[in-house]
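**Student:** Pasting a structure below so you can have a look.
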Amino acid sequence: MTATATRVLVLNSGSSSVKYQLLDMNPDSGGGPAAGTRLAVGLVERIGEETSLLAHTPLATGGDKRETEGPIADHEAALKAVAAELSADGLGLDSPQLAAIGHRVVHGGLKFTAPTVIGDAVLAEIERLVPVAPLHNPANITGIRTAQALRPDLPQVAVFDTAFHTTMPEYAARYAIDVATADAHRIRRYGFHGTSHAYVSRKTAELLGKDPSEVNVIVLHLGNGASASAVAGGRCVDTSMGLTPLEGLVMGTRSGDIDPAVTFHLKRVAGMSEDDVDVLLNKKSGLVGLCGDNDMREIRRRIDEGDERAELAFDIYIHRLKKYIGAYTAVLGRVDAVAFTAGVGENAAPVRAAALAGLEEMGLAVDADLNAARSGEPRLISPEYARVAAAVVPTDEELEIAQQTYALVSA
Ligand code: AMP
């Protein structure tokens, strides 16, 4: 890395998509983690189809979003197309200013507790974890290999969704099943969205004017996927997702917690296959299964029109959230803040109000005006008298990945 290399490209590779951001980490901009200026953001969708779409916004030049439609055969072609877009703005991947590429990797198992420079052994371990993350890790690996081929000289860093949760005590991480079976198949609770939970819990401490080590926070990451975590003094002590992202809260299309016997029942009585059950619980359940919509805006609109199915779906979603807030209050003993984040958490005031309604005995309350105000900044929504702060803290997983990547390669 040269002295002028301050840029980080963040890649989030899915099975048929690549999201990317190029950030300048401005190391001279003051203390603390580098603030990060976004130079370009974009997305390649429907890789492998005739109608792939590349949407690129060159923020550095103030240019408009450029959209290109046409077949992009695979991840290699996608990354080459992204590189060409960046080059057109003078931000090419061949630039000596590029310090590293940071990859979001969904499953890091127990080995990876921190961001890691990717070498052959690291890649082999990420591959070894494919059986516990069959939907995500293969796409992440493809993204890494493609980026390595494009810039073999550059450090490639893996930032794991599971890393923040590796501090969970054994009694929170283990399922109460036969230990030998669990260990033979690496069955335990790993948790996901860790980059977001880490970022948001730290930002919440900042909002309270405290060091992360001084505060206990319940983070509610409510996006299309959703998870809760209990963070004590900056360390995760429990989280709602488990072996896979299926466990926990009601999500856009996932059921969250369910009696595992439902799956036997579906196979024995309803004649469904393993794959049918997988699709049912991951893609056709949650809000979409309950009412046909997974967008909270649409669900609220339907409730306003008196739609009972939408209302029941909302109530089930809120009931589960409340159970986790209660459980994590008990786990933490003392809670300083409940922080809402991600698409629903940041935008849906009715969800925040309903999730905390009736919890005054637990020190929680929502100020209606503060809750209704819209802002992209971290903010409190609780009245001053509330013993536990309620906050909206926008997440920024790409910035967190860039910061972790840059901190590692510039150390
Ligand atoms: P994410 O996965 O974090 O991008 O969150 C996506 C979800 O956020 C969508 O499916 C919507 O349910 C929700 N969402 C986004 N914007 C709003 C909004 N303005 N009001 C309510 N929900 C929203």
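Just so it is clear, glycine is given a Cβ too, placed from its N, Cα and C backbone atoms.
Curation does not apply to TrEMBL; its annotations are automatic.
Found this in TrEMBL, in case it helps:
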- ASP161: active site, proton donor/acceptor (ACT_SITE)
- ASN12, GLU397: Mg(2+) binding site (BINDING)
- LYS19, HIS221, LEU222, GLY223, ASN224, GLY225, ASP295, MET296, ARG297, GLY343, VAL344, GLY345, GLU346, ASN347: ATP binding site (BINDING)
- ARG104: substrate binding site (BINDING)
- HIS193: site 'Transition state stabilizer' (SITE)
- ARG254: site 'Transition state stabilizer' (SITE)
**Student:** How many other Cβ atoms sit within 10 Å of the Cβ of ASP161 (active site, proton donor/acceptor)?
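**Tutor:** So the number of other Cβ atoms within 10 Å of ASP161 (active site, proton donor/acceptor) is 25.
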**Student:** In terms of DSSP three-state secondary structure, what is the assignment for HIS193 (site 'Transition state stabilizer')?
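**Tutor:** Coil, per DSSP.
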**Student:** Looking at the binding-site residues ASP295, GLU346, GLU397, which sits with the largest number of other Cβ atoms within 10 Å of its Cβ?
**Tutor:** GLU397
**Student:** Less than 6 Å between Cβ and the nearest atom of ligand 1 is the rule; apply it to the recorded positions ASP161, ASP295, ARG297, VAL344, GLU346.
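**Tutor:** With ligand 1 as the reference and 6 Å as the Cβ limit, the list reads ASP295, ARG297, VAL344.
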**Student:** In terms of Cα spacing, which of the recorded positions ASN12, ASP161, GLU397 are within 10 angstroms of LYS19 (ATP binding site)?
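**Tutor:** Taking ASN12, ASP161, GLU397 one by one, the ones whose Cα falls within 10 Å of LYS19 (ATP binding site) are ASN12.
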**Student:** For HIS193 (site 'Transition state stabilizer'), what is the tally of other C-beta atoms lying within 10 angstroms of its C-beta?
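**Tutor:** The Cβ of HIS193 (site 'Transition state stabilizer') has 29 Cβ neighbours within 10 Å.
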**Student:** Do any residues at least six apart in sequence from the residue listed as 'substrate binding site', in the same chain, have a Cβ closer than 8 Å to its Cβ, and if so which, in order?
**Tutor:** VAL10, LEU11, ASN12, SER13, ASN140, VAL159, ASP161, THR195, GLU397, ILE401
**Student:** Taking just the CA atoms, what is the gap between GLU346 (ATP binding site) and HIS193 (site 'Transition state stabilizer') in Å?
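**Tutor:** Here the two Cα atoms are 16 Å apart.
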**Student:** May I ask for the distance between ARG254 (site 'Transition state stabilizer') and ASN224 (ATP binding site), taken between their Cα atoms and rounded to an integer number of Å?
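**Tutor:** Each residue's Cα considered, ARG254 (site 'Transition state stabilizer') and ASN224 (ATP binding site) end up 9 Å apart.
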**Student:** Cα-Cα, whole number of Å: ASN224 (ATP binding site) versus HIS193 (site 'Transition state stabilizer')?
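**Tutor:** If we compare the Cα positions of ASN224 (ATP binding site) and HIS193 (site 'Transition state stabilizer'), the gap is 12 Å.
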**Student:** Looking only at ASN12, ASN224, the binding-site residues on record, which one has the least crowded Cβ, with the fewest other Cβ atoms within 10 Å?
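**Tutor:** Among the binding-site residues ASN12, ASN224, the lowest count of other Cβ atoms within 10 Å belongs to ASN224.
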**Student:** Looking at the recorded positions LYS19, ARG254, ARG297, which sits with the largest number of other Cβ atoms within 10 Å of its Cβ?
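**Tutor:** That would be ARG254, with the highest Cβ count within 10 Å.
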**Student:** What whole-number value in Å do you get for the largest C-alpha pair distance within LYS19, HIS221, LEU222, GLY223, ASN224, GLY225, ASP295, MET296, ARG297, GLY343, VAL344, GLY345, GLU346, ASN347, the residues recorded as binding ATP?
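**Tutor:** So the maximum pairwise Cα distance among the ATP binders is 24 Å.
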**Student:** Measuring Cα to Cα, how far is VAL344 (ATP binding site) from HIS193 (site 'Transition state stabilizer') in Å?
**Tutor:** 15
**Student:** Round to the nearest Å and give the CA-to-CA distance linking LEU222 (ATP binding site) with HIS193 (site 'Transition state stabilizer').
**Tutor:** 10
